[in-house]
Amino acid sequence: MKIYFLLGTFLTFLLHTRICQGIKWLALSKTPLSLPLNQTQHCKQLEGLVSSQMQLCRSNLELMQTIIHAAKEVKKTCVKAFTDMRWNCSSIELAPTFHQDLERGTRESAFVHALSAAAISHTIARACTTGDIPGCSCAPIPGESPGPGYRWGGCADNLNYGILMGSKFSDAPMKMKKSGSQANKLMHLHNSEVGRQVLKASLEMKCKCHGVSGSCSIKTCWRGLQELREIALDLKTKYLSATKVVHRPMGTRKHLVPKDIDIRPVQETELIYLQSSPDYCLKNEKIGSHGTHERQCNKTSNGSDSCDLMCCGRGYNPYMDKVVERCLCKYHWCCYVTCKKCERTVERYVCK
């Protein structure tokens, strides 16, 4: 009986830690530029797609270059956003196979799913405005007036189309019948929606001035999205305050509820995760930790990049680094600036 109990416990653990295939499509970032994407059979050569995404590729071939670009943006933006953290998103480069930091329902996995969902919709919305996607153009002009001295013009980012097509592609793996545990599906669908909510909230009015001698008597305005790096920073804030959840029966169905705060439901605006993460101090590829040995740290910082936090109390080593920068700049009439290149030595620090 004890053996059966342990086996059941182990299988339950696997069901709740194995991820569905939600972010394997990030492997598209490795697609060679030489690969043509002008015929449906080319979809078979794309890495990381599940069958439903493959079908979307065949029926929406014109979107695939944009989606490939989105995968590259996710990787670049994630690494940039976490450059000051112990977990620095470097394992995202392993797509379509990952270590446990992204293979399990972790806080890190929550962030990457949210960013991926936001990025694909963001990239498609922007591609519509630049004319890169046939059959999709600028967003419609809003019905309400922008206000006195303002007028609608320019080319607004087509957010509605971006979310429509982006969610079809990025959510497709989680909606497959055989794609991991129900708990993981619910978690990743929730976090993907949080990413899209942050994207929607980033839509803002942007304007250009018109008038005699730059008087700006009239402003032409449109609605545009913030840069993906700004959206990533908003999601990073949510990552830091993410809520741990459990898959628990409520009524006739199971739902994700906060593990420690059973009196309230999961908030639609917060990232959620099922499995706690390690501290990422020491290298352990089995759990997806690259460690912080030889990571650069900031001796004077009080943040996550400080040498105390980044190095996990192991201490740090100084080294001297040469920096070349512009200096002795002069303005010449009219109208250009010339500078010289100066070299200086700065002290930097890496973790022991």
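A Cβ is built for glycine as well, from the same backbone N, Cα and C atoms used for every other residue.
Among the features that Swiss-Prot reports, disulfide bond is placed at Cys78-Cys89 (among others). In this view, Cys78 (disulfide bond) is surrounded by 26 other Cβ atoms within 10 Å of its Cβ, with every protein chain counted. DSSP assigns Cys78 (disulfide bond) to a helix.
What Swiss-Prot records for Cys128-Cys136 (among others) is disulfide bond. Counting Cβ atoms from all protein chains shown, Cys128 (disulfide bond) has 25 others lying within 10 Å of its own Cβ. Mapped onto three states, the DSSP output places Cys128 (disulfide bond) in helix.
Cβ contacts within 10 Å of Cys138 (disulfide bond), excluding its own Cβ and spanning all protein chains shown: 16. According to Swiss-Prot, the feature disulfide bond maps to Cys138-Cys155 (among others).
Around the Cβ of Cys207 (disulfide bond), the same chain contributes Tyr150, Lys219, Thr220, Cys221, Trp222, each under 8 angstroms and 6 or more positions distant in sequence. For Cys207-Cys221 (among others), the entry in Swiss-Prot reads disulfide bond, with the evidence type similarity to another entry.
DSSP assigns Cys216 (disulfide bond) to coil in the three-state reduction, placing it in neither a helix nor a strand. Per Swiss-Prot, the feature disulfide bond maps to Cys209-Cys216 (among others).
DSSP assigns Cys312 (disulfide bond) to coil, not to a helix or a strand. Of all Cβ atoms in the protein chains displayed, 17 besides its own lie within 10 Å of the Cβ of Cys312 (disulfide bond). Annotated disulfide bond per Swiss-Prot: Cys281-Cys312 (among others), in sequence order, evidence recorded as similarity to another entry.
Per Swiss-Prot, the feature disulfide bond maps to Cys297-Cys307 (among others). Remark: Cys297 (disulfide bond) has Asp305, Ser306, Cys307, Met310, Cys311, Tyr316, Tyr349, Val350, Cys351 as non-local neighbours, by Cβ distance under 8 Å and separation of at least 6 in sequence. Mapped onto three states, the DSSP output places Cys297 (disulfide bond) in strand.
If you look up Swiss-Prot, you'll see Cys311-Cys351 (among others) marked as disulfide bond. In this view, Cys351 (disulfide bond) is surrounded by 20 other Cβ atoms within 10 Å of its Cβ, with every protein chain counted.
The Cβ neighbour count for Cys342 (disulfide bond), using a 10 Å radius over every protein chain in view, is 11. Among the features that Swiss-Prot reports, disulfide bond is placed at Cys327-Cys342 (among others), with the record citing similarity to another entry.
What Swiss-Prot lists as disulfide bond is Cys329-Cys339 (among others). Secondary structure at Cys339 (disulfide bond), taken from DSSP and collapsed to helix, strand or coil, is strand. Residues within less than 8 Å, Cβ to Cβ, of Cys339 (disulfide bond) and separated from it by at least 6 positions along the same chain comprise Arg326, Cys327, Leu328, Cys329, Lys330.
Feature annotation from Swiss-Prot assigns disulfide bond to Cys334-Cys335 (among others). Within 10 Å of the C-beta of Cys335 (disulfide bond) there are 6 other C-beta atoms, taking all protein chains into account.
According to Swiss-Prot, the N-linked glycosylation site annotation covers Asn38 (among others). Within 10 Å of the C-beta of Asn38 (N-linked glycosylation site) we count 8 further C-beta atoms, all protein chains included.
In the three-state DSSP classification, Asn88 (N-linked glycosylation site) falls within coil. As annotated by Swiss-Prot, N-linked glycosylation site applies to Asn88 (among others).
If you take the C-beta of Asn298 (N-linked glycosylation site) and look for same-chain residues 6 or more apart in sequence within under 8 angstroms, you find Asp84, Asp305, Ser306, Cys307, Met310, Tyr349. Annotation source Swiss-Prot lists N-linked glycosylation site at Asn298 (among others).
The feature O-palmitoleoyl serine is assigned by Swiss-Prot to Ser213.
Among the features that Swiss-Prot reports, sulfotyrosine is placed at Tyr273 (among others), with the record citing similarity to another entry. In sequence order, Gly105, Thr106, Arg107, Ser109, Ala110, Met187, Ala242, Thr243, Lys244, Val245 are the residues of the chain that are 6 or more apart from Tyr273 (sulfotyrosine) and have a CB within less than 8 Å of its CB.
Tyr280 (sulfotyrosine) has its Cα within 10 Å of the Cα of these disulfide-bonded residues: Cys312, taken from Cys128, Cys138, Cys209, Cys312. Other Cβ atoms within 10 Å of the Cβ of Cys136 (disulfide bond), summed over all protein chains shown, number 21. Most Cβ neighbours within 10 Å among the disulfide-bonded residues Cys155, Cys209, Cys221: this distinction goes to Cys221.
Sequence-distant contacts of Cys334 (disulfide bond), defined as residues of its own chain at least six apart whose C-beta falls under 8 angstroms from its C-beta, are absent.
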